[in-house]
Amino acid sequence: MSDRQHETSSISYHSAPPPATKPKRNYYAFACSTMASMASVLLGYDIGVMSGAVIFIQKDFKISDVKLEILVGIISLYAILGTAAAGRTSDWIGRRYTMGLAAAFFFVGAILMGLSTNYSFLMFGRFFAGIGIGFASLIAPVYTTEISPAASRGCFTSFPEIFINVGILLGYVSNFAFSKLPTHLSWRFMLGIGAIPSIILAIVVLIMPESPRWLVMKGRIAEAKRVLDKTSVSIEESQQRLIDIKLAAGIPLNFSRTDDANVTVPLSNSTTKGESVWKELFIHPTPPVRHILIAAIGLHFFQQASGNDGVVLYSPRIFEKAGITSSDHKLLATVAVGIVKTAFILVATFFLDRMGRRPCILTSVAGQTVSLATLGFSLTIINRSQEKVKWAIVLCIAMVLSNVSFFSIGLGPMAAVYTSEIFPLRLRALGVSVAIMANRITSGVVTMTFLSLYHALTIGGAFFLFAGISAVSWLFFYVVFPETRGQNLEDVERLFGNFPWRKKKNKDTNIEVELRG
C-alpha cells in the first residue's frame, strides 16, 4: 500500500471510538424520547406481573407446568403479529399513531385478562395484549432514534429499555401489593390494572410531535424542519440533519420551499415502496445491508437465548429452588430484582455515549456469562445437598442480581439502541421489525420451554446451557459489531460490509476502511 493511501482517512472496526466529549442536551428531544419510551412500559409490566400472577393462576385454575409456561410465553409469539404489522403501519400512518394503536390493543388485552373466567379466556386476552406489545416493541426505539440528535442518541435510545425495567418493577410491586387478596381476585387485579399504563400512553400520543424522518419520507418538509429545529442542539445541526434525511429519502436538495406547511413532495426513491424494501433487505442485499441484518438479528437472538426472560419471569421459581419457600419472601425478592435492573439500566444510559457501544456490550455479555455459570453452580450445589447450604443460597441470589445487572448495562439497552440506528432510513421500519420478530420468537421459545428444560436438565444444568450460549454471543459481538457512537444515522451504513479479517477500499468516498483484529 502506498504512503499516499496510508494518509487517507481511515475507520477502524475494532479501534476505540473517538474521545468522548460532554454532549449538549436538547431537553425537547429528551422529553419526546421519554414520552415515546413509555410505550415500553407495556412489555415490562407484563413480564413483571406474570412472574407473580402465575403463582395464583396455577392455584386458581389448577393447571400444569406445561400449560403455565405456554401461558407465560405465548404472548411473545402473539407479539410477532404486532411487530410484523407495525413496520408497515408506522410507515403508513406515522410513528406517533402507531403508538396509539399499541396502547389500544394492550388496554383491551388487560381488561380481558382481568375478567377471565377460565384458561382459554385468559389466552384470548393475552392475544390482544401481545399485539399491543408487538407494536410498542418496534415503534418506541424507532421513534426515539429518529427524534434524537447524534450526540445524545445512545442515551435517549436506551430510554425504551429503561421503561421496560420500570414496567417490570411496577409489575413486581403489583404482585406484592395484591398478593394478600383472595386467590381468585389477586391475579385478576394484577393483570387488569395494566390498563392504566395504556391510558397514560394514549394521552401522551396526543401531545408528541411526529418523527422528522417519517415526515420527510412523506414529503412534509416544512413540518420536518420545525421538528428538527426543536430537537437539534443547534440550527446548523438541524440543517445538516435535514440534508442527510433528504438524501436518504431521495428528495432533491435544491427543493427549498420549507416555509410552506402545505407543500408536499413526491418521493423519487423507488426503494420506499414496500416490495423494493423487501427485495433490498432479503433478496438482493448489498454487503453493508447483509452485515447490518446479521448484526441486528444476531443481537436480538442472543439477547433472549441467553435466558434473561427466563430469569425475570421465573425468578420466584428460581428463588424457591434456592430454598425460599414463603410466597411473600419470593415476591419481595423479585422486587429486589426489579430495583437492581432499573438502577443498572440508568447507569447504562450514561455510559453508552461515553464508552461506546462495543465496550458496553462486550463487558455486559462477559459479566452475564460468569453470572449464569456461577448461578448454575450454586443451584446444582443446593439441589444435591440434603441440608440447606446457606452460602450457596446467598450466592444464588447474588448471581441472579448480578446477571440482571450485567444484562442491563449492555445487552438489554443495546437491542433498542443499536438496531434502530444501524438500518438506513429506507429499511429502518422493516429491518427493526424483522429483528424484533427474531427477539420475540426466541423469547417465546425460552419462556415456553424453561420449566420443561430445567425438569430435563435440572435447574443448574439449564443455567449452564444459558452460560454457554452467552459465551458464544460474546464471540459474535466481538467479530460482527463495529462502533457507531457519535455517527449521524445517515452515515452509519458505511461502517458495515466488512469483517475484521478483510480490507476494502470504498471507491465512492475514497475512504480506506482498515479492519484490525
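Note: Cβ is positioned from N, Cα and C throughout, glycine not excepted.
What TrEMBL lists as domain 'Major facilitator superfamily (MFS) profile' is 32-485.
Under the heading region 'Disordered', TrEMBL lists 1-20.
Annotation comment: TrEMBL describes 27-56 (among others) as transmembrane segment.
For the transmembrane segment (68-85), same-chain residues at least 6 beyond its ends with a Cβ under 8 Å from one of its own Cβ atoms are 43, 46, 50, 54, 57-58, 102, 105, 119, 122-123, 126-127, 129-138, 309, 313, 433, 436-437, 440-441, 443-452. Residues annotated as transmembrane segment in TrEMBL: 68-85 (among others).
What TrEMBL lists as transmembrane segment is 97-115 (among others).
Annotation comment: TrEMBL describes 127-144 (among others) as transmembrane segment. Counting same-chain residues at least six beyond the ends of the transmembrane segment (127-144), those with a Cβ under 8 angstroms from any Cβ of the stretch are 32-33, 36-37, 39-40, 42-43, 46, 74-87, 89-90, 95-96, 98-99, 101-110, 112-113, 156-157, 159-160, 163, 194, 198, 211, 416-417, 419-420, 428-429, 432-433, 436, 439-440.
Taking Cβ pairs closer than 8 Å, the transmembrane segment (156-177) reaches residues 29-30, 33-34, 36-53, 140-141, 144-145, 147-148, 189-190, 193, 197, 312, 328, 331-332, 334-335, 337-339, 341-342, 345-346, 348-349, 352, 408, 412-413, 415-417, 420-421 in its own chain, all 6 or more past its ends. The transmembrane segment annotation in TrEMBL covers 156-177 (among others).
Taken from TrEMBL, the feature transmembrane segment covers 189-208 (among others).
Within the same chain, residues 48, 51-52, 154-155, 158-159, 161-162, 165-166, 168-169, 171-173, 175-176, 179, 312, 315-316, 319, 324, 360, 397, 400-401, 404-410, 412-413, 417, 485 sit at least 6 positions outside the transmembrane segment (331-352) and bring their C-beta atoms closer than 8 Å to a C-beta of that stretch. Feature annotation from TrEMBL assigns transmembrane segment to 331-352 (among others).
Sequence annotations record features per position, and here TrEMBL assigns transmembrane segment to 359-379 (among others).
Feature annotation from TrEMBL assigns transmembrane segment to 391-418 (among others).
The feature transmembrane segment is assigned by TrEMBL to 430-453 (among others).
The transmembrane segment annotation in TrEMBL covers 459-481 (among others).
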